[in-house]
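As recorded in TrEMBL:
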type	residues	note
ACT_SITE	Arg263	active site
BINDING	Gln79, His81, Glu106, His244	Zn(2+) binding site
DOMAIN	40-120	domain 'Phosphomannose isomerase type I catalytic'
DOMAIN	140-225	domain 'Phosphomannose isomerase type I helical insertion'
DOMAIN	302-345	domain 'Phosphomannose isomerase type I C-terminal'
Amino acid sequence: MEDSNHHSLQKLHCSVKNYDWGLPGPSFLVSDGGEESVTLKDWIFNNPDLLGDKVVQKWGSDLPFLFKVLSVGKALSIQAHPDKELARRLHKLHPDVYKDGNHKPEMALAMTDFEALCGFITLEELKDVIHNVPEVVNLVGDANADLVLQTSDQTDEEKVKPVLQAVFTHLMSASKEIVTEAVNRLINRLQLESEVRPLTEKELLVLRLENQYPSDIGVLAAFFLNHVKLNPGEALFLGANEPHAYLSGECIECMATSDNVVRAGLTPKYIDVPTLCSMLTYKQGIPEILQGVPMNPYVNKYIPPFEEFEIDHCTLPKGERVVFQAIPGPSIFLVTAGEGTMNTGSSEVYEITEGDVLFAPAYTEICVASESKLHLYRTGINSKFFEES
């Protein structure tokens, strides 16, 4: 379907949502007069060549990624995203809860100091929890606690996984009454102990979480997960079946196009503990933090280990220019600070300023120039996807 927009940029009007956690709102194309015309999804569906052949062959007439800015004021649920096989099964069994059959790997790129719980702590750290947090032992039972303490630190990680799974599943499956009582005991104990010793970072976090979600199992689950802190410009990627919860800060978030989330705590939403506990990989240790790879003096690229997306962060000092080379797939640009111009080698020049979002079709070279220091983020299909063909 021919369209005059095939090598021009398209400004988008995006939804702003204020909620604990929820569905992404649609993006609309903005016409020259500034009105919203058609949704980006419909426009792409009707003009698949905007995506480039290879993308359409792999993912059909739709963007394979979702791109958001998250401002996390309070912790967002402990959750994991299913892999493709599990997603298909869940979608078949509970289409009302799991609305599609896709996986949902995601990446969070910190814009400010950013905190998350992510992945399981090591066996050594878990032993410390068993020694120092009686409320957890109470909930998982002495037999499970002994199982952890008797597992040698030299044990192969594969053999540790069933132990971790047994203990975590027991914890997460406790009844509401037992959890409430355990959380209250924990909080009272920490408040008393804080008068005689400085609390650990994890204990302080637990107090904070309890303040946001009283009597929630997530408060105790936090002891099992790594407390990860990102500096601005650092990114965390989360594969399928990895537990995580974003705690505070602002980030650029990108993920595969799916709405599949299995939740288990720190949320008023539907909780599916058996699915969560059976799906997790139970990998241990701090997840990898991506620093990005410099592409030129102004652009840092973050490439996760999956095909659907990558993110570029561009910081352009006043009066500088940078070129984004034409690639065989679509891109979305988001301007987070400053002002300047973008053009595609045609005569049309687009004024850009903080808050602007633009869609660039496949095979479009883009030149960006800054009038004041400009920060922008670009999400596109993972470059490795195009290199492999």
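Each Cβ is built from the backbone N, Cα and C atoms, and glycine gets one as well.
Remember, TrEMBL labels are computer predictions, not curated facts.
It should be emphasised that the depicted structure is a prediction, and the values quoted were computed from it without experimental measurement.
Helix, strand and coil counts under DSSP for the domain 'Phosphomannose isomerase type I helical insertion' (140-225) come to 64 helix, 1 strand, 21 coil.
The Cβ of His244 (Zn(2+) binding site) lies under 8 Å from the Cβ of Ile78, Gln79, Ala80, Ala116, Leu117, Cys118, Gly119, Leu225, Leu238, each of these being in the same chain and 6 or more residues away along the sequence. Counting same-chain residues at least six beyond the ends of the domain 'Phosphomannose isomerase type I C-terminal' (302-345), those with a Cβ under 8 angstroms from any Cβ of the stretch are 7-9, 12, 44, 50-55, 58-59, 63-65, 67, 69, 105, 107, 109, 111, 233, 235, 237, 239, 252, 254-257, 290, 292-293, 295-296, 351-386. Other than Gln79, His81, Glu106, His244, the residues of this chain whose Cβ falls within 8 Å of the Cβ centroid of the Zn(2+) site are, in sequence order, Ala80, Lys104, Leu238, Glu242, Pro243, Val261. Taken together, the residues in the domain 'Phosphomannose isomerase type I C-terminal' (302-345) have a mean pLDDT of 92 on the 0 to 100 scale.
The two recorded residues the residue listed as 'active site' and His81 (Zn(2+) binding site) have their Cα atoms spaced 9 Å from each other. Gln79 (Zn(2+) binding site) has a Cβ environment of 25 other Cβ atoms inside 10 Å.
The Cβ neighbour count for Glu106 (Zn(2+) binding site), using a 10 Å radius and every protein chain shown, is 24.
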